[in-house]
Structures are given as structure tokens and as C-alpha cells.
Amino acid sequence: MMKKTYLGLLVFCLSFTLVEAQVEKSPVAPDYNKLQQIIDEAYKLFENDSAGAPADYIPELARVEPDLFGISVVTVDGRVFSAGHVEHCFSIQSISKVFTLAMVMEQLGQQAILEKLGAEPTGLPFNSVTAIEQQATRVGNPLVNAGAIATTSLLEGKSAAAKWKNILAFYSACAGEELELLKDIYESEAATNARNQAIARLLDAYGVMYDDPEKAVDVYTRQCSVGITTKQLAAMGATLAAGGINPFTGVEVMNAENIPQILSIMLSCGMYDYSGTWSYLTGLPAKSGVGGGIVAVVPGKGAIAAFSPRLDGAGNSIRAQKAIAYISQQLNINIFDPQSVGVE
Ligand code: GLN
């Protein structure tokens, strides 16, 4: 009798400790106080790093305050951890390519993406025309400009206006908040995007443009000009990490079956001609934009987003890269490390 009571007590204590441990455990970190501490450390470490320069081929981007720096982590269960200028709204730019890809993959299926757009890194700059001439699919992959404009041209919709409306609604559902167009950025880029127009026309000549090239470039320019904060960007990444379910609203916004393919393209092509080195250093699928944002996805756990306008030669934000790499290394998260993903 006594023995049974002791055993019962032991089981009770043990299960209480386990429940408590589970509650305290963040899906992206062993301990969420530690996670906040690591984010603060990353902010302090790179706060005064002024290497690189903001993009200037889009005049409005050259006017962004270069010292802005923000970091946010959103977990799949909707917890938010941040440091720095996380209220600042910047343009999503090329990170948008991932989410338009998700829409088109949902509409046309995975095989059509492979056949029409491809999944090969170009090894060349994001707006390369040489890559179009060299690659068998011409567009290379959906995360360089050629592939992204082709992706946007594939999107279902009666008109350019209808496509744009659907894009903004889908991005907002992924962020769990209403997003808006940054009008100044859009107008500035629309007035200076001759190169993207040339890319679209070249693709048209090769028979791989699926809408009027001018309209496709306009919708693409709008999607790049969507305003976003680091928290909203991390939420978009966390939606990918959570099998397509937005961690704030609980709404299933995309098909979970397509997410491994989307993340695979992010890993091989998301950081342009630096993607191989990025993968080697972090083992995390990520996407950058010339607005200074980067989001890295930790499948099943959450996402790390950072923003800083100064870029390297490939067009990737220098401080955002450093902050994300630091946080992921400190947390020991890397999809190729069996200790880090799926093992608690
Ligand atoms: N809108 C930008 C462009 O088309 C996006 C490029 C980027 O973020 N790398 O040039």
C-alpha cells in the first residue's frame, strides 16, 4: 500500500516536471528566455556594423535610413521575440517571390512548376540576362527575376488587377495581418524597371511568358513593393514552418504538401549566387530581398526574420545575414543536423 502511494507520487512528480518542461519549451529554442537573450546579443553584436550599401538602382530604396536594424522570431505556436526597429515597414522585394510561387504551385501543381519554371540555381545575379540565354527552362527558377516574372504571369486571374488583389490578400493571410502597397516604392520602381521589362520580353520571345509581359512586370513590381515589418515577415516564414497554418490566426493559408518543394527552392536559390555558401553556413532555407529583409525558415519550429538596408554584392542584407546566422548557430538549428530538427 505504502509502496503504491510512493510510486503514485513519483509518477505524479515526474509527469508534472515533464508537463512543466513542455510548457517552458519554445518550438524554436530550448528555453524562450534564452531565445530572447540570443536575439538581443545578435542585435548588439551587429548594431554598429555599417558594411555594404543600400540598393540604389531603385531610387526610393536609396533614400531608406541605412542604420535601421530589426530582428524578429515567430514560433509556430505564435510567440514573438524581437529586437531593434521592428516597427519599421520596409518593402518585401524578392521575398515576395516565395509566396507568389506558393500560390501558383497550389493552382498548377508541383510538376508544372518544375516543367515551366525549373528549380535550378543560376549561379548568376538575380536579374541576369545571361542566365536566360544559358538555362534550359530559360527562367531558371522562380526566385530570380526572370523566373519570378514568369511565375506571376502564370497566376490565375481575369485581369492584372484581379491577380494583384489576390496576391495582396494571400500575403496578408500569410502574415496574419493586412498588408499594404508602399506607393512611393512602387512608383519609383515602376519608373525605373526597364531591365525587368526587357527580361519579360525576352522570355516572351522564348515562349515562356504566360501573360502580357508588361502586365506581368507591373503585377510583379507591385508584389515587390508590399510593405512589411520584421514581425510580419517572420510570421510569413512561420506559416511555411507550420505546414501552411498562420501561427496568429490559425487559418490554413497554403497546402502543406507543397511546402517541402518551396523550402527546397529557397535553400538552393533563395540567396541568389550566394545560396550555396548560405546553406553551408546555416543549413536553413531562406529568402532575401533588396529592401534589406531576409527570412529563414526552421521547419516545424518557426522563422527568423531580420531587416537592415545595407547589402552585399549579391543583394543580400549584410546585418540580416549575420544576425540570422548567429541566432541559428547559437540555437543549434540546421535542417541537416539530426540533433536540431525533430529531436527534442
Ligand atoms: N524588385 C526587385 C527587382 O526586380 C527585386 C529584386 C530583389 O529583391 N533581389 O529588381
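Cβ atoms here come from the backbone N, Cα and C positions, even for glycine.
Taken from TrEMBL as is:
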type	residues	note
BINDING	S94, N145, E189, N196, Y220, Y272, V290	substrate binding site
SIGNAL	1-21	signal peptide
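In the three-state DSSP assignment, the secondary structure recorded for V290 (substrate binding site) is coil. Of all residue pairs in the substrate-binding list (S94, N145, E189, N196, Y220, Y272, V290), the one with the greatest Cα separation is 20 Å apart. Of the listed binding-site residues, namely Y220, Y272, the sparsest Cβ surroundings within 10 Å are found at Y272.
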